[in-house]
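Now, the feature entries from TrEMBL:
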type     : residues : note
TRANSMEM : 12-30    : transmembrane segment
TRANSMEM : 42-66    : transmembrane segment
TRANSMEM : 86-110   : transmembrane segment
TRANSMEM : 130-157  : transmembrane segment
TRANSMEM : 169-197  : transmembrane segment
TRANSMEM : 217-238  : transmembrane segment
TRANSMEM : 250-271  : transmembrane segment
TRANSMEM : 302-321  : transmembrane segment
TRANSMEM : 341-360  : transmembrane segment
TRANSMEM : 367-389  : transmembrane segment
TRANSMEM : 409-430  : transmembrane segment
Amino acid sequence: MDMAQRETWTSRVGFIFAAVGSAVGLGNIWSFPFQTASNGGAAFLVVYLLAVFLIGFPTMLIEFVIGRRSKQNAVSAFSELGYGNWTFAGVIGVFASFITLSFYSVVGGWVLNYIVGSVTGGYLGDASTFFGSVSSGTVAVAAHAVFMAITIAIVAGGVADGIERATKFMIPAILVLLAGLAVWGSTLSGASAGYAYYLSPDFGVIATNFTSIVPSAMGQAFFTLSLGFGVMVAYASYLGRDDSLPGDSAIIVVLNTIVALLAGFAVFPILAATDALTGSTGAGTAFVALAGAFGQLPAGRIIGFVFFVVLLFAALSSSISLLEAPASYVVDSYDTERWKVAVGVGVVAFLLGIVPAYGYVGLFNDFVFNILLPIAVLFIALFAGWIYGGEAVDELGRGTSLGRGAMTAWLWWVRVVVPIVVAYTLWLGVTNFYAGLVNGAYF
Ligand code: PHE
């Protein structure tokens with residue numbers, strides 16, 4: 001554990017890019033529009049935005065405070081701060097990263113296959129047959145291996161040379177391409193029906209579906225902001241100097257939200273134009289519905305290619321952070337070279353990912369969304385609020401012009417509101433997940 005050798009980001013912007021790269025991923029472009037579509041459109045959007053800003057934003061500050069103060073990965077951070085018996089909270093997060101990496105890479109493999117499919121025209125005729133042929137079995141495992149290999153290569157390159165450099169290129173590319181897709185979508189006939197479903201909330205839908213919308217929106221908020229994984233702890237641990245954590249978080253949360261909203265503006269007109277607006281639920285239907293739409297639209301093949309390339313960039317800039325969280329633990333704790341750790345952890349995650357690659361992506365996904373993330377966030381909020389308390393406020397205060405009052409408000413919010421809302425979410429999430437297990441949604 002040689003502190004002198006610990007890497008740091010080259011600049012504040014480098015850190016922000018890397019964190020945005022982690023946040024912006026399959027969650028924004030794939031999961032967000034489809035969760036919104038299947039949970040009542042704008043009604044879901046409202047609850048999701050509340051979850052992001054009222055619960056996600058303060059939680060990001062917790063992870064940043066722990067990471068920057070301890071200069072350690074999420075597992076070692078707690079003992080470094082003097083609270084070794086809270087280590088389990090970090091372990092849950094790193095475990096969540098590891099599980100997520102295993103299935104995230106499988107979905108990354110689907111994306112690779114869809115890029116190939118855009119070139120060959122493979123999905124243009126019959127999208128659901130194409131999905132069936134690439135989403136599970138040996139083809140899926142092979143693509144999963146390729147995706148994981150790329151992830152390993154970037155992480156092996158290190159924090160500044162690998163992660164920072166890769167994300168500085170990918171984030172602007174994602175924004176430009178998505179904006180282009182959204183503009184293209186606006187020219188489709190039927191676009192206005194898509195916007196209406198996306199943007200005018202029916203509050204009756206929230207009331208009737210409250211117990212399913214809340215856990216989905218909260219899980220989506222944590223997932224998309226990379227919270228509850230120990231990832232933001234690890235990334236903040238590479239901060240060399242004290243800039244404003246609230247300022248950085250605000251930029252990250254807003255940019256991440258812009259990408260998700262833009263993805264919605266690209267996807268909803270496409271779905272509306274092909275009458276696929278509602279009923280698109282589940283991991284696979286998203287790929288089927290979109291690819292089916294690309295097959296029916298003018299220039300759909302080129303648009304499809306652009307869309308899946310964007311999705312690949314987004315997925316990679318996230319998967320590297322998923323590998324970084326467990327890898328930073330091993331690098332901090334044992335005197336091992338970074339590239340060996342990246343390969344070792346990546347290969348084990350690949351092996352675990354063979355299970356979702358045989359048809360269990362939904363199971364892994366829902367286990368993380370409904371159970372692991374709320375548990376992890378609940379514990380770090382209780383820790384930051386009630387145990388670390390004053391010192392957390394102290395660390396938050398470094399480098400920010402935020403007044404004492406605002407920081408005290410944050411502390412009480414983290415003490416009371418966040419745990420209550422997250423505990424309620426966890427209860428609903430466990431109930432829904434259990435119901436899914438029993439009624440055969442996964443097997
Ligand atoms: N935030 C990423 C997404 O939206 C997922 C992710 C979670 C990535 C945690 C890294 C860590 O796709």
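Glycine is no exception: its Cβ is also placed from the backbone N, Cα and C atoms.
Counting only same-chain residues 6+ beyond the ends of the transmembrane segment (42-66), those with a CB under 8 A from a CB of the stretch are 32, 35-36, 74, 77-78, 81, 197-203, 205-206, 209, 213-214, 216-218, 220-222, 224-225, 227-228, 230-233, 236, 245-246, 248-250, 252-253, 256-257, 264, 377, 380-381, 384, 388, 392, 395-396, 410, 413-414, 417-418, 421-422.
Contact between the transmembrane segment (302-321) and the transmembrane segment (130-157) is present: at least three CB pairs lie under 8 Å, with pairs separated by 6 or more positions in sequence. Here the transmembrane segment (367-389) does not lie next to the transmembrane segment (169-197) in space: the count of CB pairs under 8 Å, restricted to residues six or more apart, is fewer than 3. Remote same-chain partners of the transmembrane segment (12-30), defined as residues 6 or more beyond its termini with a Cβ less than 8 Å from a stretch Cβ, comprise 104, 107-108, 111, 159-160, 163-164, 166-168, 170-171, 174, 178, 220, 223-226, 231-232, 235-236, 238-239, 243, 248, 251-252, 255-256, 259-260, 263, 286, 310-311, 314-315, 317-321. Residues 25-26, 30, 73-79, 131, 134-135, 140-148, 151, 228-231, 233, 283, 287, 312, 315-316, 318-319, 322-323, 325-326, 329, 345-346, 349-350, 352-353, 355-357, 360-361, 364-365, 367-368, 372-373, 375-376, 379-380, 383, 387 of the same chain lie 6 or more positions beyond the ends of the transmembrane segment (86-110) yet place their CB under 8 Å from a CB of it. Beyond the transmembrane segment (341-360), the same-chain residues lying 6 or more positions past its ends with a Cβ under 8 Å from any Cβ of the stretch are 98-99, 101-103, 105-106, 109, 135-137, 140-141, 144-145, 148-149, 151-152, 155-156, 323, 326-327, 330-331, 442.
When Cβ distances are compared across the two stretches, the transmembrane segment (217-238) makes no contact with the transmembrane segment (169-197), since fewer than 3 pairs at least 6 residues apart fall below 8 angstroms. By the Cβ criterion (distance under 8 Å, sequence gap of 6 or more), the transmembrane segment (169-197) is not counted as touching the transmembrane segment (130-157), fewer than 3 such pairs being found.
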